[in-house]
Amino acid sequence: KLRMDRQKFCVSLTVKPSRGLIDEKLVVIVQNCPPGFQMTIYAHHKSDDGHSYEAFAHYSASTSGSVNVSEDTSLGGTYSGVQQMGLFWSLRPVPGSKPGLRLRKSNVLTPMEVTISVYAGYQTEGFVDLIPLVSVEVERWYITPGVRRIPVTEDGLTGTLFLPSGPGPFPGVLDLWGGGGKLVEYRAALLASHGFAAIALDYMTNQSYSTAYSFLQKHPQVLSSRIAILGLSFGTSMTLKIAVYSKVLKPRCAVCISGSHVQPVDGSIKEILEYFQQNEHKTRFNEENQVIFRDLLLPIPTDPKLKVDVGQLQIPLLLVVGEDDQNWPAEESAMDMKEMMERAGNSHLLTILSYPNTGHLIEPPYTPHFRSTAFKTAITQPKTFALWGGEMVAHSWAQEDSWRKVLDFLRQNLYVNTASFSNHGNSK
């Protein structure tokens with residue numbers, strides 16, 4: 001019967017844009033079906049490290065024989081309801097994959113390739129054995145054409161600079177990831193696609209973030225007085241420390257995602273990590289034996305030597321907080337920072353974006369949500385399964401909303417009001 005249907009109804013699938021940035025929305029439309037036709041729309045991706053991920057949703061064709069994923073309701077699958085980008089943020093490892101995977105792009109010079117397919121009927125498994133009615137390949141990129149990727153090794157740095165296309169000069173962003181170490185490039189690449197000269201850094205190996213900042217400042221295509229620092233997780237510890245105490249590095253603004261101001265303020269990276277480890281007895285495990293680290297920094301200390309004095313901050317600060325962060329006490333820290341800044345009279349510089357049911361890994365939009373993954377810190381801790389937290393739909397919405405607001409905040413502080421830049425000396 002299906003074969004007859006196939007001849008009679010030549011089901012068509014359009015996905016637009018078929019090639020675009022990772023944070024761009026897609027329109028997925030199925031046409032030429034029988035009215036009321038039940039179908040499964042399926043997304044499949046093979047990651048750079050060779051693991052397969054899938055997402056799928058069940059739809060029923062309209063009276064005109066079509067489905068528009070942006071407007072129509074998924075009746076079940078890996079997500080339900082009207083969710084334009086659900087086929088991306090609900091991607092999960094295919095059944096039988098090794099546990100604890102997390103989808104991350106390691107090579108930003110190639111696209112994330114996703115195959116979107118349509119199957120007859122409501123399918124939930126065994127997709128590899130089914131024959132789709134129609135399939136389309138889409139490319140999702142972290143870099144737009146013209147963005148330049150430049151490895152940075154001078155002065156002992158391990159980093160990568162991404163320069164936007166065009167002559168410049170551009171505002172700069174120092175991009176600091178968390179305690180997992182390693183060089184992670186995809187967010188810096190995406191920032192460059194939005195007009196910022198961004199440097200990604202593996203700063204856990206040695207304290208090279210100040211060298212990287214100076215490198216950015218001296219670069220002929222970077223506006224030396226218009227540099228921001230963006231940190232996630234442990235990266236926020238460094239970001240706040242520089243923003244408040246550095247006599248040399250003078251960022252124009254700072255963004256802290258899922259982090260805290262709690263740290264021995266005179267400590268090196270190694271000493272800060274050792275301070276966290278002293279509280280190892282506060283580590284908890286849930287019933288699935290996933291580790292919860294958030295209590296390592298709780299209760300928020302009252303001793304001024306154990307937290308960055310954000311009351312001294314003189315630049316705009318944006319905090320992005322997941323209220324279900326199981327890895328860092330981001331919400332308690334944000335509340336304490338707010339109180340400290342209110343007492344000091346500089347709370348006008350603070351913006352807090354706080355998201356309910358959102359976990360620790362607040363990534364660029366449409367990145368799949370992983371509540372827990374295998375994790376190893378840069379300081380030779382054995383690999384564990386870390387509980388990051390978050391509920392998929394709320395977390396995915398938070399990623400989309402916060403990214404838009406982070407970009408706005410950076411533009412506002414690094415691009416706008418160019419007239420006032422002449423007061424700051426070395427503006428180029």
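Each Cβ is built from the backbone N, Cα and C atoms, and glycine gets one as well.
What TrEMBL says about this one:
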{"type": "ACT_SITE", "residues": "Ser233", "note": "active site, charge relay system"}
{"type": "ACT_SITE", "residues": "Asp325", "note": "active site, charge relay system"}
{"type": "ACT_SITE", "residues": "His360", "note": "active site, charge relay system"}
{"type": "DOMAIN", "residues": "210-415", "note": "domain 'BAAT/Acyl-CoA thioester hydrolase C-terminal'"}
Tell me, how many other CB atoms lie within 10 A of the CB of Asp325 (active site, charge relay system), whichever protein chain they belong to?
28
Provide the number of Cβ atoms within 10 Å of the Cβ of His360 (active site, charge relay system), excluding the reference atom itself.
26
Quick one: pull the CA-CA distance for Asp325 (active site, charge relay system) versus His360 (active site, charge relay system), whole Å only.
5
If you average the pLDDT over the domain 'BAAT/Acyl-CoA thioester hydrolase C-terminal' (210-415), what number do you get?
93
Return the residues near Ser233 (active site, charge relay system) by Cβ distance under 8 Å, restricted to its own chain and a separation of at least 6 in sequence.
Trp177, Gly178, Gly179, Ile257, Ser258, Gly259, Asn327, Trp328, His360
